[in-house]
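Annotated in TrEMBL:
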COMPBIAS  490-502  compositional bias 'Low complexity'
COMPBIAS  567-594  compositional bias 'Polar residues'
COMPBIAS  596-609  compositional bias 'Basic and acidic residues'
COMPBIAS  634-644  compositional bias 'Polar residues'
COMPBIAS  645-663  compositional bias 'Low complexity'
DOMAIN    20-147  domain 'Suppressor of forked'
DOMAIN    151-457  domain 'Suppressor of forked'
REGION    475-549  region 'Disordered'
REGION    567-663  region 'Disordered'
REPEAT    219-252  repeat 'TPR'
Amino acid sequence: MASETAESNPVSVSDGNADKYNVEAAEIIANEALRLPISDAVPIYEQLLATFPTSAKYWKQYVEAFMATNNDEATRQVFSRCLLNCLQVPLWRCYIRYIRKVNDKKGIEGQEETKKAYEFMLSYVGADIASGPVWMEYIAYLKSVPGCLPERKKYVDEIDWNMLAVPPSGSSKEEMQWTAWKRLLSFEKGNPQRIDNASANKRIAFAYEQCLMYLYHYPDIWYDYAMWHAQSGSRDSAIKVFQRALKALPDSEMLKYAYAELEESHGAAQAAKKVYESLLGDGANATALSHIQFIRFLRRTEGVEAARKYFLDARKSPNCTYHVYVAYAMMAFCLDKDAKLAHNIFEAGLKRFMHEPSYILEYADFLCRLNDDRNTRALFERALSSLPPDESVEVWKSFVQFEQMYGDLSSMLKVEQRRKEALSQTGENGESTLESSLQDVVSRYSFLDLRPCSSKDFDHLARQEWLSRNVNKKVESSVPANGAGSADQSISGIPNNSNISGKVLHPDVSRMGTHGPRQQPGPHVSVLSGVSSTLPNGTAADSGGTTSPSPDVDFVLSICLQSNISTSRKSGTPQQLSAGPAPSTSDLSGSSKFKQTRDRQPGKRKDSERQDDDDTSTVQSQPLPRDAFKIRQLQKSRATSSRTGGSASYGSGFSGDLSGSSG
């Protein structure tokens, strides 16, 4: 009768008169909810789960109803209510199905979420006897997901694992290995496996340790490793890395400053001070930079008095340069707002560094900040009176700029003229003339990056100034040592023959470079082309392309005519030069050298070969003709006439003979 009543009134289980824990009635109601819309089924499921909150069966049925309607928000809420209270494998597998459905289309990020869901599930129900299929499903999923091994292997294959740890020398192989390690470290820092932070940090630290096995002497790798630890929140690990780095590179000031900075940034002033003291050593070999940085450190951590006391000791060091005075003076001026103390420091340093142009410029800049133009001019005058001209270029430049900015027109022009007079003999800045130029006007009336001319005009003036400098230098270098009167004996600095010894001087070819001259438009007859046409094929191929500039033949001939270089003798036996008659202009035409007659006799073959040998040795066996200029002019006139007549003639670069013609 009870079952018939339940069938006739399924919801009677919710009535107050019925037993709410009636299992049979609950089953009937749950089955009825499967056929109802989700909006009507929700109250039934809520009533059932309120009565049976640990029923994984009803929870699974409830959440699957929401999953069927793609209601992700309601599905997540139901899972959050039931998973930790119902450790049943079927319910959890339903959860995994939902996670995979949601994340399958999200790429790598979705894969990581699915892995986390599997790990989350197995951490709760992995010990269940029915969880075997879940483990197998997880393993199959991991195998199906493409890993990052191929991508990591791409970076690993670029590394030479047999490389020895040596100090960097700048070779291309070392740079390639450094780049390969940096790429691998960057890849690991990106956490390509999307693992938890602790595991990812272990992999990154492992990669750094492997890298230091090969790049042991690279300070930037040590610094990156220490800073990575510091940024990850592990200050102690960063300190240990710096300590290891200083053992590997004890002379690296960069790493010491970085180590001291890390300690100071975390409030460990005493530890940082020890690092600075290690930079100073016993003080005898301390650098000026170490003095300056220690003064700044003391000023930050211990106050003004500690910095002043150390400066008084540091200036007595033999390695104290003007930089220490400038640094402490500007510290007193900018930080302590004590202009008088800063002025006294600069004056004290001036007694010691009067001959340092850079110190003069720093002092002048300080006086300009004080609006003390009178003492600024006095400083420039004092410095320029003691500095040699070749070291006063920058001081003069600063003096001129000061007058252009703050002086009147007369003082401006006067200082510019004095500068030109002082530097005209030094050759600096191309000051070989005392005349004014338009560049001076542009300099006087410019301000910062504003100029009284266009960029095109300014570039034009700069090029003209550069050309004038180089032209003047070339003219000065080409003036004969004996003046203009010795022009007939010396050309472009070539000394007289009477001063030439028997030793032949050869040019210095250590600085020679390949030069490709530009081809000028218009007709042109190459002298070397005639020579190459008469050479055998093998010789022409071995000689390479004639891309070097052709010499000025007239100039070379003039030098040869005016020179009388004695030739070397072997074993005291004089070598007689054949003094045969100079070839006539008709011989130079080439008509008798290469022209073959039809009536040549075979018996004269040896004589003709001997004659050819004599012809080929004409240049070496005969002296240079005295009418070389006339011959050269004749060649030019013939070349011109041949071009106008539709033919091209090619002359020998050695003897002036014509090698052939084509019409």
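Placement of Cβ uses the backbone N, Cα and C atoms for every residue, glycine included.
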Contacting positions for the repeat 'TPR' (219-252) when only residues 6+ beyond its ends and CB under 8 Å are counted: 181, 185, 189, 201, 204, 208, 211-212, 258-259, 262-263, 266
Counts by DSSP class (helix H/G/I, strand E/B, coil) across the repeat 'TPR' (219-252): 27 helix, 0 strand, 7 coil
Reported mean pLDDT - the repeat 'TPR' (219-252): 95
Counts by DSSP class (helix H/G/I, strand E/B, coil) across the domain 'Suppressor of forked' (20-147): 100 helix, 0 strand, 28 coil
